[in-house]
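Now, the feature entries from TrEMBL:
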DOMAIN    3-145  domain 'TauD/TfdA-like'
Amino acid sequence: MVQSKSKGGYNLLVDAFHIADRMKAEHTKDYKILLSTLVDWNDIGSENDQVFHNIWRAPVIVLDNEGNYMRINHSIPQRDSHFSVPIDKVLPWYEAYGKFVRLARNDAITFKTSPGDVLTFNNLRLLHGRTGYDDTDENVRYIVGGYLDWDIIYSKLRVLKTTTR
């Protein structure tokens, strides 16, 4: 990662599970709305000459079968403009979502990375972004992203557990 040397360009990070906990404690009704209202999401693009068009429907807050947080869905570019809920549910959802976003912004930590820094995080738990910066020819910002599938990690852990006894 090469960080922008201009003003701005700070990383913003926040633990979305913590924000969900705060919603549950401080705004229970809104928490339940974000837990139960299905939202249309999409991810359209290409990478390495492979075109993709992923669509799915899920609430903002997703729990597993035991009631633990599984993931938080929050991506304005990936939230579909189509919102297939009854009209009387639209405004309450936006109000609840607005509270979630405000809590997240207020709790976010901000920092600049140094050349060579590596930032690793769980993309299903941590919300991330950056502040604006001057985009000029002299100002270089370079980032390489990569993803690991949790199924692969858990599989490897299970294999190691059975083979290292």
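The backbone N, Cα and C atoms fix where each Cβ goes, and this holds for glycine too.
For the domain 'TauD/TfdA-like' (3-145), the DSSP-based tally of helix, strand and coil residues reads 44 helix, 42 strand, 57 coil. Computed over the domain 'TauD/TfdA-like' (3-145), the whole-number mean pLDDT of the model equals 90.
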